[in-house]
Amino acid sequence: MAFIAHAQSMSPSRALPSGIALCAALACLLLSSYVLNASLFPAVAQTCPVARELSTYFGAAGSIVFAVVAYRKPSIMAEGVWSGICLAFSMGSVIALYLGISIQSSPMLVIGSPFGGISCVWFSVLMGVALTNIGARRAGMVILSAFLITYGVHIVLDVSGLARPLPIAAALYFALLTCSYALMRRDARAIMRPLRDTAAPTVLTVTSPSSYLPISNYIYVSILLFNIACGYSFASLTNQTLLGFMASCAPVIALLCLAGIKDAFPADSAYRTAVLLVFAGFLFTPLPLLGATDVVSAQSHTVLLNAGTDCFTVVMYYLIASVGARNKLGAVSTSAIAFAAQWVGVGTGALIAQGIASAAQTNPILSLWATFAMTFAFMAYNYVALRRFSFTATIESVVPAHEDAEFDANWDRRPNDSVPSATKNAAQEARPDDIALPTASTNVLRKARMTTPVDEQAEIGTEADLLADIATASGLTLSIVVPGGEVAPAVQNAADARPTPDDTLVVDSKPSVLPSFTTTISESTRLDSRMFDAPNAQTSEIPSVQTHGNQNVHIGDFDEACDAVAYQFGLTSRELDVLKLLARGRTSPFIQEKLVLSHNTVKTHVRHIYTKLNVHSQQELISIVEGERGR
């Protein structure tokens, strides 16, 4: 464990520009995969073939876990802890594989393989997250350059045979994985650190649907289906010659030249190139099955399938980097879901290939029919489903989640609605310290605005409830102004004067203590630092609020503005209820609690509202209501 702590503390990326560090990190990650598949797994397959498949299946299962956590609870993904655990998994896996191969122990191989797959998935996800920190244009060149470096080192290792001895291969694999992590860690942490103070994508996607790609998006579906096809084809691959490997590098080199000329990564062209290469590889696959023994027939499908797989891997990394760069709050979930689709696809394809291979032992022609069916399904999807789909347009449709945006001053957001730490600290510094508040009421405000977790926001209650708590702590008298304008009898206990949403809360100070004043605050008014910054605010030992003598101050045009927007755009009554809460900056958990609705129901209402108003974010919706209110 001391070694793992040292690996986390060393950070060569601090002395290197991000682009160079990430290029080296991705090259190390790709080379570690090459060493694993070229040196370790062939030796594992000789002793226990099922162990290699276990690595794939457990990697797929781990990728699903990472994707679910990243989407529903990214705040628990502490990068240092998770990376330390995965480094330990990787070290344990290498030791177990080495010992299992050395002593021909199948149980040792079965124990070690799953942990290696899980650690590979985690560092791949981390690599995708790190690439989002440098922007899409730089990421495209970094990815292509990393593949070019990998090809060069691959040729050197293949010619020299340096990675063939088992001890060297095991040590080299772990060293490459550790170096990759050390080089990418700075950029990955820059993206992941703020997530501990923000809401989960499952919450933000309700009010910012254009900031997150749904799991059913064609990008994720394409990654899944493409890797199912590749996972199926891997079962028929033969040992590639050096000349064949050099030929398979040509498409990626061509993409690098094209990206350099255009100064932009051609995502759509690269994907179509990958599809054509894999399609051609499928067409050549039956030749070895039919008994062709010449070099061209034996190597063509391997060269084409490897070239297509590399092209698609480049596209996948670029898509992760581009989508994540446009909305960094969703970078982790984007990377995790993409790699989950990749690993599940490879595992599914390999499982299909194994089943068909078992059935083909009694009927060899079955393999040809299966290959034909896979080829047809692969091309049908790409020709029909993706006929008018554009990866570039999909990337450009993603907008940043305005999770840390400043809302309108008249109805600012719910206390601590997922405000990042930096924003919260700035708000604390901006709040005047010379206002003397009673200790109890100060604690109420601090709890409501600063320390409430996102998942518990709905439990706080309305602003009127907060004001009632403050009045209780400050020894004030409460009375209720009903919609007709009558004032209900005052009560000394603020807890007994909880208003309904249609009432107006009036706070009167005790005449024997302070000069009398009355302030009416409707539910649409925010209880935040602006109430304490008012020029005419009282600076006594009670909460300072702006007053106008004994005259009640009503802010009643907010509901009218919402009603006007609802009438103009044809919203239903329930959609109007949701609109009013959205316009106040409320988040999905609060809306669910306030209106007693499920998460999916709120999500559906918000989607309908956004469609009718032709907006893509909560901030745009607030601007429309604000504009209607200003008329």
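Just so it is clear, glycine is given a Cβ too, placed from its N, Cα and C backbone atoms.
Whatever TrEMBL says is automated annotation, not expert-curated.
The following features are taken from TrEMBL:
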type: TRANSMEM; residues: 54-71; note: transmembrane segment
type: TRANSMEM; residues: 80-101; note: transmembrane segment
type: TRANSMEM; residues: 107-132; note: transmembrane segment
type: TRANSMEM; residues: 139-157; note: transmembrane segment
type: TRANSMEM; residues: 163-184; note: transmembrane segment
type: TRANSMEM; residues: 218-235; note: transmembrane segment
type: TRANSMEM; residues: 241-261; note: transmembrane segment
type: TRANSMEM; residues: 273-291; note: transmembrane segment
type: TRANSMEM; residues: 303-320; note: transmembrane segment
type: TRANSMEM; residues: 332-353; note: transmembrane segment
type: TRANSMEM; residues: 365-384; note: transmembrane segment
type: REGION; residues: 409-434; note: region 'Disordered'
type: DOMAIN; residues: 564-629; note: domain 'HTH luxR-type'
Contacting positions for the transmembrane segment (241-261) when only residues 6+ beyond its ends and CB under 8 Å are counted: 140-141, 144-145, 147-148, 151, 154-155, 158-159, 269-270, 273-274, 277, 295, 299, 302-304, 306-308, 310-311, 314
The transmembrane segment (273-291) versus listed stretches 54-71, 107-132, 139-157, 332-353, 365-384: most Cβ pairs under 8 Å: 365-384
The domain 'HTH luxR-type' (564-629): DSSP-derived helix, strand, coil residue counts: 52 helix, 0 strand, 14 coil
Contact ranking winner - 107-132, 139-157, 332-353, 365-384 against the transmembrane segment (163-184), Cβ under 8 Å: 107-132
Region pair the transmembrane segment (332-353) / the transmembrane segment (218-235), three or more CB pairs under 8 Å: yes
Reported mean pLDDT - the domain 'HTH luxR-type' (564-629): 87
Contact between the transmembrane segment (218-235) and the transmembrane segment (365-384) (at least 3 Cβ pairs under 8 Å, separation 6+): yes
Distal contacts, the transmembrane segment (54-71) - CB-CB under 8 A, six or more residues away: 41, 77, 110, 113-118, 120-122, 125, 200-202, 332-333, 335-337, 339-340, 342-344, 346-347, 350
